[in-house]
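Down below is the structure, laid out as structure tokens.
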Amino acid sequence: MSEKLYPVLPEAKKNTLIDNETYLEWYEESMSDPDGFWAKHGRRIDWFKPFTKVKNTDFNGDVTIKWYEDGVTNVSYNCIDRHLKSRGDKVAIIWEGDNPYIDKKITYRELYENVCRMANVLKKHGVKKGDRVTIYLPMIPEAAYAMLACARIGAVHSVVFAGFSPEALAGRIVDCESTFVITADEGVRGGKPVALKENTDTAIDIAAKQYVMVNKVLVVRRTGGKVSWGRGRDLWYHQEVASVEPHCEPEPMNAEDPLFILYTSGSTGKPKGVLHTTGGYLVYASMTHQYVFDYHDGEIYWCTADVGWVTGHSYIVYGPLANGATTLMFEGVPNFPDQGRFWEVVDKHHVNIFYTAPTALRALMGAGDEFVTRSSRSTLRLLGSVGEPINPEAWEWYYNVVGDQKCPIVDTWWQTENGGILITPLPGATDLKPGSATRPFFGVKPVLVDNEGNVQEGVADGNLCISDSWPGQMRTVYGDHKRFIETYFSTYKGMYFSGDGCRRDEDGYYWITGRVDDVLNISGHRLGTAEIESALVSHHSVSEAAVVGYPHPIKGQGIYCYVTLMTGADAQDPDELRKELVQHVRKEIGPIATPDKIQFAPGLPKTRSGKIMRRILRKIAEDEFGALGDTSTLADPGVVDDLIENRQNKK
């Protein structure tokens, strides 16, 4: 753990919405009087019919979660219509294309017309309240229009990341029995086309074999690339929207009506359809967006995620737009045309708040500082991190090099299931420790539990649970409430189990140590892989590291490290560097963490969202590379061949 403490910056304190005193006061109120607290903050969104009930939740038995259950509202209305009077001409979405010379600005009034037209197209083709619509689009404005159009008419959207394979798309279409798909001819990423329409056609054929028939496909023309056409089924978006009205009344929605399904992989079985509902989700997404990012009217906010992930739902679309913010959507990748792209976009659009993932930061850090320092980044005020624990070395680089020591970093912990950020610093209230997500957001009760279910008090290590509900929490697994209870509420009775390990320090700060299934047991000692990875990455030659366990004849599990080197570091003698890294880890953590195998690799197997696929790394480490399972979601499947070829553990 990093011992360094970074006090709240004077500049952040000066203009903040929440200082430390306010944080402590509000947090105490949210614990002692959740009904009163959430009633007050529930009014941050507009209700067609105000709620009289606030919290009705039970983590035992059949697990019911209801918030604002008698209130009536509409998410699309809250994200668009209510802003038209005061900020109709304000930019709602800045779209930055994959090509650095292409961008577009969409005002709230233009957003209204685009969303209403798309909503009317859906209605024209028979989509009704409660129907599931699958959205398989690249990061273009139409992705946001599609989500908001579904919300407007009460259809439930299921966004599938445009990097997923036809098989993955088909599985998601089948699971929620979706009959309407919105896609594009092609996507563009890093200058290369992605065959979305072709993938959609394949997925529809696969779904049909499982008796789910897609009736209509709305196709956005992104590249003008050639596509095959299903007569009577396929529709051009640009033709359809031209023939409908730019006005559509928002459907009155009960607070507990479904808003969206988003599939997330579990440790077992097929992906789970995480179901989020209307009222509580929007209250929580908008409130966390405002206070975690200390958002002030007029600022330019950029979350680099994709709408195919929950971060894109909550912090590109719903949270920012509910707050009347200007949100930036980026179609491209961090390293195209080169590794300076993020910072050039920051300068070009005068970005004030920047929210990205540690995996991107580590890759950019490995490319060298000059890609960062050639930009001014003078408009940046706040930096954020999401998706996985950020190792202290990447945190320090982000703070010192990207932020020039003038931007607080909000290292946020949350999950698809949570709807919004649960543990996080607040920039004007929280002293920072590199690598720590620090303190819980309002209304969030973290509990550390040992493997026997005993609650750990004070300084402790344990399994991270949340002991009471918050408005943004998922309500069920779509079509499988039993799986919902088994996955999240059966391990520790009466608590939501996150699946993550965590440490609480003497200041009450929380340190996420990685998935509990990523914990190694070395000679009877528990070690989080994140700790070993962090130690490796703190070495000046290492850009990125992933650590897994493998069967060891003496210790039970051995430590197998995959290491990607900094540019230029591969000139060293590999055996010498291995010895150096072993000593470095021993020094950082202790002899118990001595790596057994270190394999140098040009890249790690990652999904297109940047998550490292540890399952594949485990199999290679165990020499079971015949059983790698599905590798179709990998960004670069060629990486796997290199890993197998050069594995350190050949039998």
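Glycine residues also receive a Cβ, built from the backbone N, Cα and C atoms like all the rest.
Here Swiss-Prot flags R189, G190, G191, K192, T311, N335, S523, R586 as CoA binding site. Around K192 (CoA binding site), no same-chain residue six or more apart in sequence has its CB under 8 Å from its CB.
As annotated by Swiss-Prot, ATP binding site applies to G387, E388, P389, D411, T412, W413, W414, Q415, T416, D500, R515, R526, with the evidence given as sequence analysis. G387 (ATP binding site) carries neither a helix nor a strand DSSP state and counts as coil. Neighbours of G387 (ATP binding site), defined as other CB atoms within 10 A of its CB across all chains, total 19.
Among the features that Swiss-Prot reports, Mg(2+) binding site is placed at V537, H539, V542. Secondary structure at H539 (Mg(2+) binding site), as computed by DSSP, is coil.
A sphere of 10 angstroms centred on the C-beta of K611 (N6-acetyllysine) encloses 17 other C-beta atoms. Secondary structure at K611 (N6-acetyllysine), as computed by DSSP, is coil. If you look up Swiss-Prot, you'll see K611 marked as N6-acetyllysine, on the strength of sequence analysis.
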*Near P389 (ATP binding site), which residues of its own chain have a C-beta under 8 A away, given they sit six or more steps off in sequence?*
P358, D411, W413, G435, A437, W511, I512, T513, G514, A530
*Out of G190, G191, which of the binding-site residues has the smallest number of neighbouring Cβ atoms within 10 Å?*
G191
*asked:* Using CB atoms and a 10 A radius, I'd like the single residue among the binding-site residues H539, R586 with the highest neighbour count.
replied: H539
_Whole-number answer please: how many Å between the C-alpha atoms of G191 (CoA binding site) and K611 (N6-acetyllysine)?_
22
*Would you find the one among the binding-site residues N335, T412, T416 whose Cβ has the most company, meaning other Cβ atoms within 10 Å?*
T412
*Counting across all protein chains shown, how many other Cβ atoms sit within 10 Å of the Cβ of W414 (ATP binding site)?*
25
*Taking Cα atoms as reference points, rank the binding-site residues V537, H539, R586 by distance from K611 (N6-acetyllysine) and give the first.*
V537
*Identify which of the binding-site residues V537, V542 has its Cβ surrounded by the largest number of other Cβ atoms within 10 Å, counting every protein chain shown.*
V542
